[in-house]
Each structure stands twice: as structure tokens, then as C-alpha cells.
């Protein structure tokens, strides 16, 4: 099956040289170069806007390049559609795969090329058998008969990979596959990626997480401002070196947490419970303190935060802010009490992307800007300008929409919108997901500075370095319960991961493997 | 609590112009302006070339017949901007006309009292729609197709085949009156203007109106921002019910007729006017002046064509074609604007820290 991938190890699977692509007057890619060899996992790193995604889309056949060389296994190619690139052995696995939710896993894998019996009937037994064989090769257990709806993002990616293998793809490009995965899921993905490498396929791995790049890849190519910067063997380089090349300047420390004076209790959560989601959750956040909610994706961290802010209902428990009870299931009451909430999904929850910067920034404070309910654009512009300025939002005017901004810039707009409310508690869910390194450091510095000014911060993060670097205290959530309350000194990757997976507690681990429905053997390496 | 990030802590490092385009462009390069321009053009052309168009009766009849559409288009605009729709408004018209007629002719109530109860009935109809859409969470298209049949069924059930006519002349005169003796403008334009100004302010100059747009663009983000999505939608459906009831009362008095099928088909004329006025059926986009111009454009066009002895079904073909053209031009204009905006965005290096163009390339990596 992999004959095609093993042939020709003397030439690179993918060869891009000085590839360019412009949209109108904007050059998204000026000079992209990339050389990926069979049996190699090649990291492609760069800030948001460096041109990585454009490069990938050219390889995938989404865009046609304006110029430059594009070779696959030595042959010049020029794809006009994604179908052509698939036929040529290119597979792209996106951060959030797009499966047909109501079709079965097997139907998704064989979409458009179902095995047929006579009379053009779909041969389901064969389809299921082949799917099972694929999953076995990947070492995962997913029932090919179940519908895709309700599968975790990690499982959906595995299905995309299975699809790619069934197409005998020689080149797999994974565009930020780990952004939404938990530690265990990342380990499983890496195991799959390594086995594909060992079969002689070429892999491109795009990630903002350097620990992953260094753990998985053998070669790394850096891009900046739409152009190629460097390619090195991973053993010959360091995180600092790569970061410097990516931003073109020295980045100050990535997690500049300065100790802040810890004040009175601001947020007090007591016995919060939502049946089937989280149980008996009690914790406090003090002024000047950054408390992180850590744990696996799906452990219930975001759900707890949403309930505290009043987005979701809860069945029992109390939320107090500054000693005063906050009405349940009412975000407006939470906002009035002094809470701010930067949600996980910027485009869907944090911003009205089609709306202007001014209206987004003034979105929460507009009641205050109005007289008797009346409001003008002038008042919104006047109030939002300074906040956008303090956060150094990059936009040419306040009436530009947030839709075309980069992730980091959008996050600044969301933060500006909430800081404008002058909150006492900032809840921030995945503060730097999908944000480039430069902006990431800015966000971290800002959080540290805000804590220094007495803001209480509750941060949810799936990135362990961020949790350990930023938090004064780490609350680990596992299956809807807080399983550990660690201070800065005792919080280490090991203690957090143990509490997050309850590896110390054999019974709970077994329970999890049953409910999730796949073996936990990867957990040992976590 | 001191204000966080207050100026003494951190001066804004950048300032921004409020607008990316000059005022002239912001006003003129819009779909609403295109509709207004088309309206003025058609009006001037008809005045100059269509016989009797500038006669004393043309505009009077035009406004008189268009009044229900103009009225209902106001709340309908807000509903469509939230991404919902209300198809039951014409049935509410019929039901309120019938209720008023029954109370007046069968129970002997005075017209004002009967009309007040009819408006209450319309408001309750709107509340039923609003409750099912906003609080139960059902799709408004399905809900209001259901209540379209339900309210119409009640109206027909109450009257059977009876047609009520013979409303008191004094009230009919009020509905038919002109603003001043011999004026071309019917008196009904006064309440229409008042309501239009109220809805215009509500949509474009209140925090409530900002919420209406946000719900249409992204209701989840609106909820995170503290917009009461449910209440907003509920209130809008209640408004639509109340205004539709007023339109029904007006309709009964003007045409001296109330029966089960009063107002049938008005909902589609209203929606056509709203969409022609530049409101996006997907929600989040639109402006009330455009809708008023859209409704007037339909009125002026049909009136002028009728004077030219064009048949009604041909008029329908022309207006239908115009509506489709306007929807197409909306997407074409959007695409053009997107293309024109790109160079403008990249060209002037923004003030402040060196960071390249103000925004990332559209397919930002």
C-alpha cells in the first residue's frame, strides 16, 4: 500500500521554492520555500500572518500560486483544486476537521469512493472492515459504525488521518492539530505521526507550541512576513533561536509574571454543582492573584467558568463577588457585579466579527455611554479609541470590522472590550490560543500587569507552560471536580498532569478509560 | 476600586481615526442610498412622463394603499435584522379588523374601545410568536407559518362568510382624511412618520438597537456581551403584533370592510419592501431609511405603471425582478467593496509601532 511513499527516497516529497501569492495588493506570501523529505516530520513555524496557512493552501490546491516552483516527488505540479492535490497524494489535516456529523465514521472515511457491491450498492461490511483495519494500524479504537457527531476533535483528526492513509497520501500536512487537544490526546496523535513517518511518509507539522515541535519533529523551517527564513535540523537549534528568527527581534521572556501583592478575596465559589458536568466546586480568587484552572480538555474547566459568569445554569452552590452573592444564570448580573469574561472562542463568542472595532470595544460599556438608552457612534468611538490604543490594536480606523484581523489582534479587541468595563475579576479562557508568539508575550505581560494593579484573574489554559509560568495558584480539574490546589512552588508538569489524569488513583483512571472508550496506555508517557 | 489600566498607568500608545472612509462615501456608497436614488429617479421620471402621475389623487391613493405596508415594515425591519422573520403579520391584521368589527357591530362597542381591544389582541398575538421564538427557541419561520394559519383561522372562524361594512362615517373620514384641505398627503402619514422616527431611533440610536444588530450578526457573542437576546426578540415580535393590529384597524376603516381574509398577502409585500430596502435576510445588516425608500419605490413604481395601463401581473413581474436584482446587487456591491478596500488598507503605513499593515492579509496564516 505504501509502495508509492517508499519509492524515491533520493528526492524530497515536497519541494517549494520562492512561491508567491498575493490577494489584491496584499502579498500573503512573498517567497515561501519548503523541502520535505520522506520519513521526516518537518515543523513549519512562524507568527500568525507569516504565510504558513497560505503556503499550505497552495499545496492543498485551495489557492493557485502566482509564481515559484512547486514540485511533488520531483515532478512539477500546479493544482487547480483540492481534488487534484488529493489525487496526487497530499492530505491536509486542519485544526478543526470538517466531518459530516450525521454520517458514520466509516462513511466519512470513504466519502465519495465507497466500496461497491454489484448493482452499485455500498458494500458496508467491507467499508467497516477496512476502517477497522485502518484504526488498528493507527493503534486507536473508534467504532466505524458510530456517527461522527459527538466525537472529540482528537478523534475527528484521527479519522482525517485514517482517510489520508486510505488514500495512500505521501504527504500529510497537519495545521495546528494540537491546539484543541489535551495532553493524552496529543501523545496519541504524536504516536500516530511517528508511525506514519516510519512508514516513509513525509509530514509537515504546524504548531505554536515549541515543546511539541521539539518533541516530535526532526527538521524545522521558520517563516516570517511571508518569506522563508531558515531550515535546521531540530538538534542543531534551540527554542530561543527559533523565536528570535520568527519575530525578527529578541522576545522578552515569554511568561513575564511578576509577583503581585495579593489582596482580599474577590471571587468566592462555594459548592457549585451542575449535574453531570461538575460537582462540589469551591475555590476563591484574590485581588492581584492569577488562578489557573488546568486539566484536560473536556474536564469541565470552561463549564465551571461559564457557570460562574452566568452563561450556564447550575443546580447548587453560590458565587460571590466581593462578598455579595451574584444572581445565577444571568451574565448581565455578573457584569454589573464586576466580572469580565474573555471566552474561549473569539470568533463565535468573544467578538461580533462583522461589527466594527468601535462597537465591539464599546459593546459591554454602551449602557454606561448612553443617556436614557440613546447612544451615538461618536460616543462609542470616543470611548473605544483609547482602549484600543492601550492594547495596541492594529487597525487603520475604528470602523473597520474585526473579521479580517489576525487572532492576536482580535484577542486584543476582546480584552479591550472587557477592560473598558473596569472589572474586579477577569475570567480568561485560553488567553493565547491560536495567537502568535509576539502577541502571546504581550498578552502575558498584560495579564501580569493587570494582576499587579489588583485585578483578580481566573485563567483557563490547556498549555501547561502557560499555566505554570503565569499562575500564582493552579486548580486542577478532572472529570468535573477540583482534584488539586497547587501553589506556585508545588505546581510542576508532573503534579498537574497527575491530578488532571488522576494517575495516582487507579480506580478513577479505569473509570475514565471506560467512559471515553479507548485505552489509556499512552497516559503512562504523560 | 481604581480604574485598571487608567491613563496614569498606561497612556494609549496609538490613536485611531474614527472612520476609514470620508463621510460622503459612507453616506453615498451604500445600498440604502442606491434605493433612495432609484426612488427619486423613478419619481421624477414618472412626474415628467406619466400622464396624471402629478395629479392630485395619485400620491393620495399611493400613500393610502401603501400605509399598512409602510407601518408593518418598521417592526419587520428590526425582526429581520435579528435574523428572524414574522410571516403572521397579515393574519394579525385580519384578526384585529375582525375583532374590532365584532365588538362594534355585535356588542355595540364604540370604535375607539373596539380598536383598543383589537390592538391588545394583536399585541397578544405578537407575544405568542415572541414567546415561542425567543423563550421556547423555535425557528421563527416555522412558528409564524403556524400562527399565520392559526390567527387567520380564528379570524375566519369568528366571522364565517360575513363581511362587516358600514363603519361609522366619522371614523372612516378620519382614516381617509388629508393632512390639510386639498393636500396630496393622507392624514395617516402623521402616525406613520411618528412611528418611523421612533423605530429609526430605536434601531440606530439606542443600546437596544445595537443589541438587535449584534443578535443578527452573532447571537452567542451578543449573549456574552450581556445582551438579553430573548427579551429583545420577544419585544420585537410584540411590536410587530401591535403595529400589525393598527394596520388592520386602518385597513378596515379605509376600505369599509372587515372579514376573515382582510389583509391577506400583505406579509409578502412587507418583506419584499424590507429586502428591497437593503436589509439582509440573514440578519445583522440594514437601515430603516432604506426600508422606507424600498416601500415607497414599490408604491411609486406600481402607481406609475398602473397609470400607464400596465397590467397588475406585469407590475408584479417587474417588482419581483427588481427585488431579485437588488439582492444580487447587494452581493456584487459587497464583493466590490471588499476588493476596493484591500489596497486602501495596505497602502498607508499605520502610525505607531512597526507592525506591517493595519490588518493581516485576509487568509491570515
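Using N, Cα and C of the backbone, Cβ positions are placed for all residues, glycine too.
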In TrEMBL, one of B:322-343, B:344-365 is tagged region 'Disordered'. Which stretch would that be?
B:344-365
Can you work out which residues elsewhere in the same chain, 6+ from the ends of the transmembrane segment (B:270-303), have a Cβ less than 8 Å from its Cβ atoms?
30-32, 34-36, 38-39, 42-43, 46, 53, 58, 61-63, 65-66, 69-70, 72-74, 76-77, 80-85, 87, 89, 196, 199-200, 203-204, 213-218, 315, 318-319, 322-323, 326-327, 330
Cβ contacts the transmembrane segment (B:112-135)/the transmembrane segment (B:234-258), at least three under 8 Å, sequence gap 6 or more:
yes
Beyond the flanks of the transmembrane segment (B:234-258) by at least 6 residues, Cβ under 8 Å:
64, 67-68, 71-72, 74-76, 78-79, 82, 84, 86, 89-90, 92-98, 100-101, 115, 118-119, 121-127, 129-131, 133-135, 159, 163-167, 171-172, 174-176, 188, 191, 195, 212, 266
Is it true that the transmembrane segment (B:185-205) and the transmembrane segment (B:23-45) have 3 or more Cβ pairs under 8 Å, skipping pairs fewer than 6 apart in sequence?
no
Please work out which recorded stretch in B:23-45, B:87-105, B:315-336 has the most C-beta pairs separated by under 8 angstroms from the transmembrane segment (B:141-164)?
B:87-105
